[in-house]
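Below is one structure, written out as structure tokens; comments come after it.
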Amino acid sequence: MSEKYSRPAQPPPTYNQPGGGQSPFNEPYYPQQGVNSSDYHQQQRPDYDPESQFPPEKIVGSGKPDNAETFDDSFKVKNKLNDWPFTILFIATLAGFVVVAGIVLSAWASNYSTSGSGIYDSGASFTLNTNTVVLFAFVIVISLVLAVLMLCFARIAPKRFIQVGIVLNVVLGLASSIYYLAVGYYSAGVVFLVFTLISAYCYWSMRGRIPFSATVLTIVIDVMKRNPSTLMTSLIGIIVSGAFAALFSATVVATYMKWTPSDENGNCSFNEGSTSCSRSKVIGILVFVFFAGYYITEVIGNVIHVTISGVYGSWYYLSRSDQGMPRFPALGAFKRAMTWSFGSICFGSLIVALLQLLKTIIQILKNDAMQNGEGWQTIILCCADCILGLIEWAVRYFNHYAYSFVALYGESYMKSARATWDLFRAKGLDALVNDCLIGAGLSFFALFVSYLSALFSYLYLRYTAPGYNSDGSFYAPVIAFTFVIALQIVNIASSVIRSGTATFFVCLARDPEVFQISYPDEFSRIFADYPQVMNKVAARQ
């Protein structure tokens with residue numbers, strides 16, 4: 001490391017003008033006519049204190065130090081286990097899920113002759129069986145392949161990524177709706193049609209903001225190319241999430257097979273008219289299994305997010321400094337995510353998991369009401385489903401930025417949440433949501449894969465005709481479940497872009513001068529599309 005330059009204990013670095021004045025970034029300024037981007041940034045660069053911890057001449061360096069530091073040395077935090085009670089809760093939930101999975105999968109293996117080993121050879125017609133497991137396996141493979149293709153497309157052509165994602169979502173949603181209505185499955189047809197109309201409206205109303213989003217996406221993809229550890233982290237996340245989705249799916253099916261009351265069920269023991277199986281037991285255990293599945297999946301996704309955010313934070317603050325990027329930033333960020341910040345990750349993930357569980361229960365009740373022709377009850381449950389969906393989206397969106405603060409500053413979840421709220425108040429929630437369509441583009445791709453998986457599951461059940469679905473009662477839960485599986489897998493797979501975008505916005509809002517000095521040409525393109533970048537957000541004391 002250079003002896004005449006020492007990095008602050010933790011980001012962001014401070015930029016003070018002589019005399020203690022505020023940063024000029026609080027006041028917007030505009031480029032002069034006839035000045036190219038390089039000369040413009042050289043002229044407009046503010047006068048910094050020579051004693052500043054991060055002087056401009058040290059920010060713009062080779063980025064290839066003689067002795068790079070570790071991630072912990074570059075981003076020092078207090079060695080404190082934040083929000084540790086939630087770590088204990090997560091470990092208990094994980095242990096409970098492993099116990100339940102072990103019990104039901106063992107029972108499944110012991111009744112192998114009844115449950116079958118393929119699509120058509122199951123002897124069980126009273127509940128979900130191996131036919132369903134094969135379906136879930138197909139859905140997982142389809143989701144993983146499409147998720148990888150999505151990342152490849154985003155890396156090759158980032159400027160087309162957003163537009164194509166929106167168009168594909170609208171086209172596939174409309175096609176699925178027409179098909180469902182044509183075959184008489186009106187409930188699914190109406191739901192898909194509503195989603196399609198909403199997507200089309202979003203595309204039309206926000207089309208003017210796409211250029212700024214494309215510029216940011218190009219920067220995020222460029223950083224991903226230069227730091228392959230982000231792609232490796234995402235690939236590991238895809239593998240882990242896919243493996244857990246397979247275990248989760250098998251556990252759900254095996255739970256039905258273990259405790260569904262039926263004379264055909266060899267797992268049920270009958271004694272003087274009583275049985276060890278009951279519908280209430282199935283419901284109770286499935287509630288826990290779904291909660292644990294959602295909770296574990298959220299934690300996996302957020303650990304990946306915090307890890308990738310650490311890499312992007314290292315790039316933003318240190319890629320052009322004399323020190324350069326720390327050694328193995330992804331490994332250092334992952335270590336912090338699994339130790340000091342793991343309780344904070346479990347805290348925020350718990351909130352989303354509870355909302356997902358409540359939403360799933362309402363969706364099941366809504367589907368039952370629709371099949372039974374209960375009009376008013378269906379309307380009330382649809383409204384409740386929409387309200388919960390909006391709340392879940394808001395919490396997810398808020399958490400995504402909060403975890404970027406967790407990755408950069410190592411604070412607790414509540415302190416990071418307060419910092420996120422300050423960011424939203426200063427920049428405006430409308431600006432963060434509407435000025436960047438990258439998250440929307442990724443969501444559209446995730447919906448595209450989910451639609452495709454849901455359509456595949458419907459066709460699979462229709463043409464394989466398993467005995468448990470002879471009356472069509474399992475269409476709704478199986479399609480809904482495959483939709484959720486595909487959505488979770490793609491969301492985790494796209495976390496490298498989501499995390500990079502959120503972290504870039506947090507750093508740009510806190511310290512825009514770092515990016516202007518380090519990457520003047522890229523900054524000029526952002527300024528051209530988003531002049532509000534000059535309004536710096538002060539850190540809470």
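Numbering starts at 1 and runs along the chain as it is shown here.
Glycine is treated like the rest: Cβ placed from N, Cα and C.
Noted in TrEMBL for the protein shown:
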REGION    1-67  region 'Disordered'
TRANSMEM  86-109  transmembrane segment
TRANSMEM  133-154  transmembrane segment
TRANSMEM  161-179  transmembrane segment
TRANSMEM  185-204  transmembrane segment
TRANSMEM  235-259  transmembrane segment
TRANSMEM  279-296  transmembrane segment
TRANSMEM  338-358  transmembrane segment
TRANSMEM  379-398  transmembrane segment
TRANSMEM  437-461  transmembrane segment
TRANSMEM  473-497  transmembrane segment
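Contact between the transmembrane segment (437-461) and the transmembrane segment (279-296) is absent: fewer than three CB pairs lie under 8 Å, with pairs separated by 6 or more positions in sequence. Segment contact is absent for the transmembrane segment (379-398) and the transmembrane segment (473-497), given fewer than three CB pairs below 8 angstroms at sequence separation of 6 or more. The highest tally of CB pairs under 8 A with the transmembrane segment (86-109), across 133-154, 161-179, 279-296, 338-358, 473-497, is held by 279-296. Of the Cβ pairs linking the transmembrane segment (133-154) with the transmembrane segment (473-497) and spaced 6 or more residues apart, 3 or more are under 8 Å, so the two regions touch. Packing against the transmembrane segment (338-358) from elsewhere in the chain are residues 77-87, 89-90, 287, 290-291, 294-295, 298-299, 302-303, 306, 388, 391-392, 395-396, 399, 402-403, 406-407, 410-413, 416: each is 6 or more residues past its ends and has a CB under 8 Å from a CB in it.
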